[in-house]
Amino acid sequence: MDGFRSNDNKQGVERHSRTEMGSLGEKTILEFEDESLVSPVSLNRKNFSIEGSIHSSPLGGGSQKLCCSNMKNRVFGSIKIVVFSAKINLLMPFGPLAIIVSTLSGHHGWVFLLSLLGIIPLAERLGYATEQLACYTGATVGGLLNATFGNATELIISIYALRRGMIRVVQQSLLGSILSNMLLVLGCAFFAGGIVVSKREQVFSKAAATVNSGLLLMAVMGLLFPAVLRSTHTELHSGKSELALSRFSSGIMLVAYAAYLVFQLKSDKNLYLPVDEVDNEGSSDDEEAPEISMWESIVWLSILTIWISVLSEYLVNAIEGASVAMNIPVAFISVILLPIVGNAAEHAGAIMFAMKDKLDISLGVAIGSSTQISMFGIPFCVVIGWIMGCPMDLNFQLFETATLFITVIVVAFMLQDGTSNYLKGLMLILCYLIVAASFFVHIDPASVGDKTRKPGV
């Protein structure tokens, strides 16, 4: 009797548990259907969890395989977007080719050209990865990231040149980056925007342009006094006063740039709003969604920065040899050729935004980049040279300083009325051609490559 009772109890417990499991299953199915009717996202999550539970074994081998396959798909998708989505990436193989040529033949002319071509797509992709990361950080941090990584190529090249003691290459490449942004990049943006929007003049924020012009004039002041002090031979201590003044002025310029960042990002944000933002209330809907995740952006920023650093070393080592091999002054290579590589991303972006009638963004890319190089990049290199024991100073010689001063004055006059057209853009481009021709016939006695050139050549 006890055995029969125990069996009946067991069967009752089993029936009760089956009934509970059945009701629980029906309940989960009903909840699943209700949630799927409300939100498709929950449906996808349920499907994913069900598939995972079906394919997973008691040891979890199926889930591990699924995670590995998802990781592989994500990696391949990220590589496809970053490496194979832009046509300019066809130039990427020139980078490894430059290393091969340097190892096998050591021909400085070919190594310089191949390195130059190999860095161009890397600089553009670096700007793309920065824009993707800025989508997650917000406008404030994103603007600072765009400004910083936008000039990362020039700063990396400058640091490698400082390690080799090539002070004039550093000075001239940074100067050339400012000239390229202010004349070539801004000129092409004005010209392209004026051609596309030909029925009216494009407008931009005069207040932001005035602040940037003032900072550029302050940078000219910092570069002018050491050059005048050297040329007039009025130093208190010959050679030492100029270097001490440069380091003191660099500290002041870095403080001014920090105050500018606080002013731009915190104190007076409305000053840097586009002039037509009030009218375009749906502008937030037009913003593009990021194509890669935040961590993928960080990883790509690291990879691209390292690869640019490697090619920059080959590029800097080949500058003087390329100058002799191609019979081109080092000043022309440093002021004209190197900045074109570093400004590839800014150049394309500024033109694209101007053609979309977003001239404030184009102005921020061109003039903002020039402001950062003049008020941060140059003083930063002076401080880095001070740490390295390299006497990097702000004496850019009279020819280079006069060129920068005249360029800032011309651009300030172009920006004073807050409007642009294709004629202004054409004038800036022609001014850049005059600057390029001037440096093509300019021989810098301080450059090693120019010392080997004969005066009659």
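Each Cβ is built from the backbone N, Cα and C atoms, and glycine gets one as well.
Taken from TrEMBL, the feature transmembrane segment applies to 81-101 (among others).
Here TrEMBL flags 109-265 (among others) as domain 'Sodium/calcium exchanger membrane region'.
Residues annotated as transmembrane segment in TrEMBL: 135-162 (among others).
TrEMBL lists 174-197 (among others) with the feature transmembrane segment.
The transmembrane segment annotation in TrEMBL covers 209-229 (among others). Residues 178, 182, 235, 241-242, 245-246, 249-250, 252-253, 256-257, 260, 263, 271, 363, 367-368, 370-371, 374-375, 378-379, 393-398, 401, 404-405, 408, 411-412, 415-416, 418 of the same chain lie 6 or more positions beyond the ends of the transmembrane segment (209-229) yet place their CB under 8 Å from a CB of it.
Among the features that TrEMBL reports, transmembrane segment is placed at 244-263 (among others).
Under the heading domain 'Sodium/calcium exchanger membrane region', TrEMBL lists 297-439 (among others).
If you look at the transmembrane segment (298-316), the same-chain residues 6 or more away from its ends with a CB under 8 A from one of its CBs are 78, 82, 95, 98-99, 102, 111-112, 115-116, 118-119, 122-123, 125-126, 129-130, 133, 149, 152-153, 156-157, 160-161, 164, 166, 169, 292, 338. The transmembrane segment annotation in TrEMBL covers 298-316 (among others).
Distant neighbours of the transmembrane segment (322-342): 107-109, 111-113, 116, 119-120, 123, 151, 153-154, 157, 168-169, 172-173, 175-177, 179-181, 184, 315, 400, 435-436, 439-444, 447-450, 452-453, 457; these residues of the same chain sit at least 6 beyond its ends, with a Cβ under 8 Å from one of its Cβ atoms. The transmembrane segment annotation in TrEMBL covers 322-342 (among others).
Beyond the transmembrane segment (363-388), the same-chain residues lying 6 or more positions past its ends with a Cβ under 8 Å from any Cβ of the stretch are 147-148, 150-151, 154-155, 158-159, 162-163, 167, 170-171, 174, 177-178, 181-182, 185-186, 189, 204-205, 208-209, 212-213, 215-216, 218-219, 222-223, 246-247, 249-251, 253-254, 256-257, 260, 272, 343, 346, 349-350, 353, 394, 411, 415. As annotated by TrEMBL, transmembrane segment applies to 363-388 (among others).
What TrEMBL lists as transmembrane segment is 394-415 (among others).
Under the heading transmembrane segment, TrEMBL lists 422-443 (among others). Below 8 angstroms of C-beta separation, residues 179-180, 182-184, 186-195, 198, 328-329, 331-332, 335-336, 399, 403, 407, 410-411, 414, 450, 453, 455 of the same chain, each at least six residues beyond the ends of the transmembrane segment (422-443), sit close to that stretch.
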The domain 'Sodium/calcium exchanger membrane region' (297-439): DSSP-derived helix, strand, coil residue counts: 121 helix, 2 strand, 20 coil
